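First the structure, in the form of structure tokens, and then the observations on it.
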Amino acid sequence: MMAVRTAVGWTGDAIEIIDQTLLPAEERIIRLSTVDEVVDAIQRLAVRGAPAIGVTGALGVLLAGDDDAEAERIASARPTAVNLRWAVERVLAASDRKAEALAILEEDVAACRAIGSYGRAELPEASKILTVCNTGRLATAGWGTALGVVYAKQEAGEPVEVFACETRPLLQGARLTAWELDDAGIPVTVLPDGAAPALLAGGQIDAVIVGADRIAANGDTANKIGTYALAIAARHHGVPFYVAAPRSTLDPATPHGAVIEIEERDGSEIRSIAGLEESTRVWNPAFDVTPASLITGLITDAGVLRAPFGPAIEGVLS
Ligand SMILES: CSC[C@H]1O[C@H](OP(=O)(O)O)[C@H](O)[C@@H]1O
């Protein structure tokens, strides 16, 4: 079994993940020993979160043997998180693929800690943070990105409280962030996604911190659906809005947010909540794009990047 209770680990000949579809009711660790199992786990969000699926993809290449077509199935399992294809292609190009895959895992652990440290320095000592989706140890190989900032504050003995949007339709906030933070002894309040602007209007939130699935060269950021609405409300109420992500989520090949492919998921994820007929039409995008103009800073493992984001991103990737 995994020593560290994070999203993904390597046993030496298989991948182990926490099956996040079962949380919070059950913390079950499952083994992924084939490419089919890896693709299935990524697509049904048994393992999820841009950095975590990147690490899973990297380790998945080791299960694909020398069949690059099988590795491509992993890289294309979900389209929006840049980390997945980036990690698969980096391992495919390596002379020692196992060493490269394990290096990607260890780099993510270190990146999470660096993000935590840089993010902590951005916030008041006692902070109330609003977030969406899940960006903690269930979304990375380490302690998380946006939630990594929260864990860094806890580790430093600074008072921190989190308000977590439930994050419909799959409820990553209500099911996963609340479970993680309760487990860590960090105060967390779950709220309906639609209540976030009213919470921001109340003036008690010190910062909004979210994760990212792909950050374009100009700083436009794709993240869980609902993030854009948070950014608009935060700007309207003068609350700082940060995106926390490792450099592996920066995508210089994508010039701006309008060209980021947004994963559209099956309508059954919505219909099942409301008991809708199969004939009911549904639009179920998994992500949206927040324009760089609404972002206060990009908290990365190389520091906090500020506008103009283009040169700043180029600087940390050069
Ligand atoms: C550490 S950021 C992870 C990022 O991925 C999540 O999406 P999903 O749960 O569909 O994998 C969400 O966008 C998070 O911000």
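Just so it is clear, glycine is given a Cβ too, placed from its N, Cα and C backbone atoms.
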Substrate site partner of ARG48, GLY49, ALA50, GLN172, ASN223, LYS224 (as recorded in TrEMBL), chosen from ARG78, ARG90, ARG247:
ARG78
Quick one: pull the CA-CA distance for ALA50 (substrate binding site) versus CYS133 (site 'Transition state stabilizer'), whole Å only.
12
How many Å separate the two farthest-apart Cα atoms among the substrate-binding residues ARG48, GLY49, ALA50, ARG78, GLN172, ASN223, LYS224?
17
In the same chain, which residues outside the set ARG48, GLY49, ALA50, ARG78, GLN172, ASN223, LYS224 have their CB within 8 A of the centroid of the CB atoms that define the substrate site?
ILE53, ALA81, CYS133, ASN134, ALA139, GLY211, ASP213, ALA286, PHE287
I need the CA-to-CA distance for CYS133 (site 'Transition state stabilizer') versus GLN172 (substrate binding site), whole Å please.
5
Identify which of the binding-site residues ARG48, ARG78 has its Cβ surrounded by the largest number of other Cβ atoms within 10 Å, counting every protein chain shown.
ARG48
Rounded to the nearest Å - Cα separation of ARG78 (substrate binding site) and ASP213 (active site, proton donor):
11
